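Asker: Got a structure for you, questions after.
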Amino acid sequence: MAEQRIDTQYEDLLRHVLATGTPKSDRTGTGTRSVFGHQLRYDLSAGFPLVTTKRVHFKSIALELLWFLRGDGNVRWLQERGVTIWDEWADENGDLGPVYGVQWRSWPTPDGRHVDQIAQVLHTLRTDPDSRRMVVSAWNVAELDRMALAPCHAFFQFHVADGKLSCQLYQRSADLFLGVPFNIASYALLTHLVAAEVGLEVGDFVWTGGDVHVYDNHVEQVTEQLTRTPYPFPRLAVRPAGLFEHEYEDFEVLDYRHHPAIKAPVAV
């Protein structure tokens, strides 16, 4: 394990957006301060990047990722496990349309077949790890109108070097206070799981944001968060299992020292 240190990249980005962000209107009518184009890089051998300046609910993150990996587009599975983060967008039957997991596991083709992008990437990692085509996309232009919410974290790519698996995510729309801490931890967890599945160590997780914004009704909460001193990142322990067989109980976040949670409204 790399030497543990305090990582302030996320908090520094919050400060940057508050200080330099351009006022913009948005789909929700809330208003934001926005910057365009930013990148964060986390060495996953140095700790699990779970924000410490507020409590982040890891159980919701992990269960949402398992739900994605199931290829599910209905919130019932999440609700049965006490996760309600998608409820605002679901219809009366719990359906969200062909959102993230559906595209990951069952991207429709013009001839009526479906592509399992995750299985495809696993195959390439095993047979051609130097490939530059290990990309998974949730941004299916032909089906955006059927999705309850267009993908914010739109696509990700894997890269292998020196026996280590790295992952880069492109997030076209980044709610920096509420969403991004979830997304960073989710894809860091995914990188751990995929690395274990194909017999690699973890490398870096690279987060790339497009429209990176703080909502106007989150400024007070962000200001409070930035008065807090970050702690070292926790560590992640994962019980061995197949990628598609994992359950939440397989995951344990160790030594997660954090400040109290800060509540804020979700822009729907």
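Any Cβ shown, glycine's included, is placed from N, Cα and C.
Quantities reported herein were computed from a predicted structural model and do not represent experimental measurements.
Feature list, courtesy of Swiss-Prot:
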- Arg27, Arg132, Arg133, Arg172, Ser173, Ala174, Asp175, Asn183, His213, Val214, Tyr215: dUMP binding site (BINDING)
- His57, Asp175, Ala267: (6R)-5,10-methylene-5,6,7,8-tetrahydrofolate binding site (BINDING)
- Cys152: active site, nucleophile (ACT_SITE)
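Describe the structural context of these features.
Answerer: All chains included, 23 other C-beta atoms sit within 10 angstroms of the C-beta of Tyr215 (dUMP binding site).
Mapped onto three states, the DSSP output places Asp175 (dUMP binding site) in strand.
There are 18 other CB atoms within 10 A of the CB of Cys152 (active site, nucleophile), with all protein chains counted. Mapped onto three states, the DSSP output places Cys152 (active site, nucleophile) in coil.
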Asker: How big is the dUMP site in terms of the longest C-alpha to C-alpha distance among Arg27, Arg132, Arg133, Arg172, Ser173, Ala174, Asp175, Asn183, His213, Val214, Tyr215, in angstrom?
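Answerer: For the residues that bind dUMP, the greatest Cα distance is 35 Å.
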Asker: Going by a 10 angstroms cut-off between Cβ atoms, which of the binding-site residues Ser173, Asp175 has the sparsest surroundings?
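Answerer: It is Ser173 that, of the binding-site residues Ser173, Asp175, has the fewest other Cβ atoms within 10 Å.
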Asker: Quick check for you: of the binding-site residues Arg133, Ser173, Asp175, which have their Cα within 10 Å of the Cα of Ala267 ((6R)-5,10-methylene-5,6,7,8-tetrahydrofolate binding site)?
Answerer: Asp175
Asker: Of all the binding-site residues given, Arg27, His57, His213, which has the fewest Cβ neighbours within 10 Å once its own Cβ is left out?
Answerer: Arg27
Asker: Cβ-Cβ under 8 Å from Arg133 (dUMP binding site), same chain, 6 or more residues apart: which ones?
Answerer: Thr124
Asker: Check the Cα-Cα distances from His57 ((6R)-5,10-methylene-5,6,7,8-tetrahydrofolate binding site) to the recorded positions Cys152, Ser173, Asp175, His213 and tell me which is shortest.
Answerer: Asp175
